[in-house]
Amino acid sequence: SMASPALLMRVVASAYSVAEKAATIVRNVMSGGDLGIVEKAGPNDLQTKADRLVQMSICASLARKFPKVTIIGEEDLPADDVTEDLIEDGHCEEILKKPCPAQYAGIKEEELVIWVDPLDGTKEYTEGLLDHVTVLIGIAYGGKAIAGVINQPYYNYEAGANAVLGRTIWGVLGMGAFGFQLTEAPAGKHIVITTRSHSNALVNECISALNPDHVIRVGGAGNKIIQLIEGKASAYVFASPGCKKWDTCAPEAILHAVGGKITDIRGNSFQYNKEVKHMNSAGVLATLRNYDYYASRIPKTVKETLVP
């Protein structure tokens, strides 16, 4: 008889279906018209009904199947009973059929930490910039991001009435990433992608030092990593605190699975064990290719200002 699939592959296969359910919730809240917006720390730090319902759905669905996994979500929510209509019990068969990379075959539930951003790009969501929005489920082992799922609920939303809305991208280190077409940015062009709503003097000083041909300002860390792996941008640069572990875990796993690199502005790797602080205080530098080119041009003043 076939050995049952390794735990990691079961978690990723479930996370895939859970992310698709999340996308449905995101779209339903938007089409319902009442976003239920709450300001958390200020006008750029918002939470909507979609953030709340999606986090409950993702965390409860995964906790029910994998009770010993640590799950850390962005939103501080009361531990209410989650209604059954929020539970997703399915999994992606195609993922279960793939062999688990040998180095992860023996992982136990209690060794995994799942970082969840139920709605990355909330501000953009409230402003109708729907292509910026992603749902992020990152899976870490030994403090390292090893697998991730990124759902774009509104992928294709400008393609007309008959277009299929949404897509799910997933990846595992040692296996690769799927659900998109890997494309490199134009050779010799320095296209920098950065924050849309969290700009400041330091962010801009850092970008100027890279002497980019073009700067793209968009919301969402998940969205920015997708721009890198689809060749729309060559570097994601954010010289500021503000990004959190749930913003970077899933995107990091997918980027690393296709040979890219993400660190803080000083070149340090991110750690994802459950005790780690949530804020990525020293910003973000990510590329699909040519990481060293960009890393070598980050000004010393910027590095000295941003302390991990």
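Positions of Cβ are set from backbone N, Cα and C atoms, glycine also.
Whatever TrEMBL says is automated annotation, not expert-curated.
TrEMBL has this to say about the protein:
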BINDING   Glu74, Asp117, Leu119, Asp120, Asp247  Mg(2+) binding site
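All features noted in TrEMBL, drawn onto the structure.
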residue	record	Cβ contacts under 8 Å, 6 or more apart
Glu74	Mg(2+) binding site	Asp51, Gln55, Val116, Asp117, Pro118, Lys244, Trp246
Leu119	Mg(2+) binding site	Val26, Thr48, Ala50, Asp51, Val54, Tyr125, Val133, Val135
Asp120	Mg(2+) binding site	Val133, Thr134, Val135, Leu136, Gly220, Ala221, Gly222, Asn223, Asp247
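Compute the center of the Cβ atoms of Glu74, Asp117, Leu119, Asp120, Asp247, which mark the site for Mg(2+); besides them, the chain residues with Cβ within 8 Å of that center are Asp51, Val116, Pro118, Gly121, Thr122, Thr134, Val135, Leu136, Gly220, Ala221, Gly222, Lys244, Trp246. In the structure shown, across all protein chains, Asp117 is the one of the binding-site residues Asp117, Asp247 with the greatest number of other Cβ atoms within 10 Å.
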